[in-house]
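Report on one structure; see the data block that follows.
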């Protein structure tokens, strides 16, 4: 690309601009309207109770007030809604001759059961009552065998065997396999209750920990203005010292093995060994390590010699970014707006997905024990008893089978779910893009102010936000659409990879792995390109493609500076996050484990002390990431502005540099008529 030429009218972010990528803006509005329609349709047809509440064998919900089945758990073999789980062993054959027992047994029979009208075998044949009752406990609105272990013996209701209702005694261990998952759910529920208790007694201390993390993040960003240079050079020296120690250690190991039996065997003669420790007893291994580390040390030293000026420029830009953030302090709170909008996107996507997945209708099918031509066919419970099926197959029943549907809506549910996922990615990327272009516009206003901060607009952040929404919604929609397409393709590839795990086709697995790797790289590149394109949009008001092209060529013309700045800032952000999260995490650990004597009595008693500690650590990371994302956007914006400044201006009275005095000193450039003290 050709370098930017001097433009006497350019004084920073252009205010007189027009709308860009209008077609994409219209496309986004249409897609959002369609997304709302999908949500309304899903909420009309869907019923989340299908996920929460169990059903009986007829597909009717249990535990719902005002319905025919306002009772809750459902015991097998026929799913029946009951008011409470059985608490004793009993069979229908033994209860039949005992009025008191039969009255209790009726609680676990269907509403059609009439004890005086049918013989016991007919009742069991028609599945109006279960053949047996087992002591059970309610779990997630369902009845599960009350399995317990006493002195290593598995028991149910203090018994090791039970009558299966057909005159046979069975061991309760046969019930164990079916109840294993239920016990896991029960233990998980108890764990969740204890975790909830811990949150109720420690929530205010967690908030205090997060406030400390917020203050520490702010202090770190302020200190970067003064300590960025020291921190970078300390990091470089530490890397050189670590590599130097590695070289010394490899040489000592190489010298120590001299003369030892078997140490002079070559790697080619030894071949491949599964026990990697064998290689550590060879001199050739340590010689290879020594050579590799020496080459790395030499490369780093040479890079430092030839790139020292660019490292100094990166440090100066980082310091300048701290000043910019200091002049636009509202930018530190702006991620809260982005976070809130992202939460709305996630909530709408999740609720729509749940309603779509529960919008199937109850499907009933014919079940029978003897041969029947209608077996497995769909049926309607309301008209089943008057149909020909009951005449030809007297033992047939119309029972609930599953949730499904055969209408056009039900056939295209998978398409609607796919559209839901796609729109989530598109809107989430749009929200992130809006945040990036807003911050870029605010920080560009700082850089291109000749007299900082006097020439800055009164509210740079709000001005940039207004310009982004008014003029560049289409460009943001374009960039986020491209990224969303790639992300959806990655989701599809992950789904295919999951489905092919059990397959034996190695070529297909290899091809899929290559595609996943390629699209991962493509997503990273598009994110990088979009980020810089949004900066150019914020400054010049050009459309997405023009901005992306100009940003890409500008960066390619300064590729070494880009690489150095990227690695230096990555290190500083990593160091800052590690320092903040580690410090707050250690403080939380000592506090919640009662190891700080001054506040031993203040710390709350907990079931699991790791619950608030992990919450504080994760929350601290998110807070630090929010602060440093602002800082990172500031550095990237100032860097692009700096490169533009070098190409546009030459320091003359007509074309003065807008960069700070520190940067001009580093580059040995001056503005004529302005002394550089």
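Think of each number as a place in line: the chain as shown, counted from 1.
A Cβ is built for glycine as well, from the same backbone N, Cα and C atoms used for every other residue.
The model shown is predicted, which means the values in this text are computed figures rather than measured ones.
If you look up TrEMBL, you'll see 21-43 (among others) marked as transmembrane segment.
If one looks beyond the transmembrane segment (203-223) by at least 6 residues along the same chain, the residues whose Cβ comes under 8 Å of a Cβ in the stretch are 322, 325-326, 332, 576, 579-581, 583-584, 587-588, 591-592, 603-604, 612, 615-616, 619-620, 623-624, 627-628, 631. The transmembrane segment feature in TrEMBL is assigned to 203-223 (among others).
When Cβ-Cβ distances below 8 Å are used as the criterion, the transmembrane segment (230-248) is approached by residues 224, 289-290, 293-294, 296-297, 300-301, 304, 311, 314-315, 568, 571-572, 575 of the same chain, each at least six residues removed from its ends. What TrEMBL lists as transmembrane segment is 230-248 (among others).
Long-range contacts of the transmembrane segment (286-307) within its own chain (CB-CB distance under 8 A, at least 6 residues past either end) are made by residues 236, 239-240, 243-244, 246-247, 250-251, 253-254, 257, 267, 280, 560, 564. Taken from TrEMBL, the feature transmembrane segment covers 286-307 (among others).
TrEMBL lists 328-350 (among others) with the feature transmembrane segment.
Note on the transmembrane segment (423-450): residues 10-13, 28, 31-32, 35, 321, 324, 327-328, 331, 334-335, 337-338, 341-342, 345-346, 348-349, 456-457, 460-461, 463-465, 467-469, 472, 476-477, 479-481, 483-484, 487-488, 530-531, 534-535, 537-539, 630, 633-634, 636-638, 641-642, 645, 656, 658-659 of its chain, located 6 or more positions outside it, place their CB under 8 angstroms from a CB of the stretch. For 423-450 (among others), the entry in TrEMBL reads transmembrane segment.
Per TrEMBL, transmembrane segment is recorded for 471-493 (among others).
Feature annotation from TrEMBL assigns transmembrane segment to 533-556 (among others). If one looks beyond the transmembrane segment (533-556) by at least 6 residues along the same chain, the residues whose Cβ comes under 8 Å of a Cβ in the stretch are 1, 4, 12-14, 17-18, 20-21, 24, 433, 436-438, 440-441, 444, 448, 464, 467-468, 471-472, 474-476, 478-479, 562, 636-637, 640-641, 643-644, 647.
What TrEMBL lists as transmembrane segment is 568-592 (among others).
Summarising the annotation, TrEMBL assigns transmembrane segment to 608-628 (among others).
Within the chain carrying the transmembrane segment (568-592), a Cβ under 8 angstroms from the stretch's Cβ atoms is held by residues 202, 205, 209, 212-213, 216-217, 220-221, 224, 228, 231-232, 235, 311, 314-315, 318, 599, 603-604, 606, 609, 612-613, 616-617, 620-621, 623-625, 628, 631-632, 635, all 6 or more beyond its ends.
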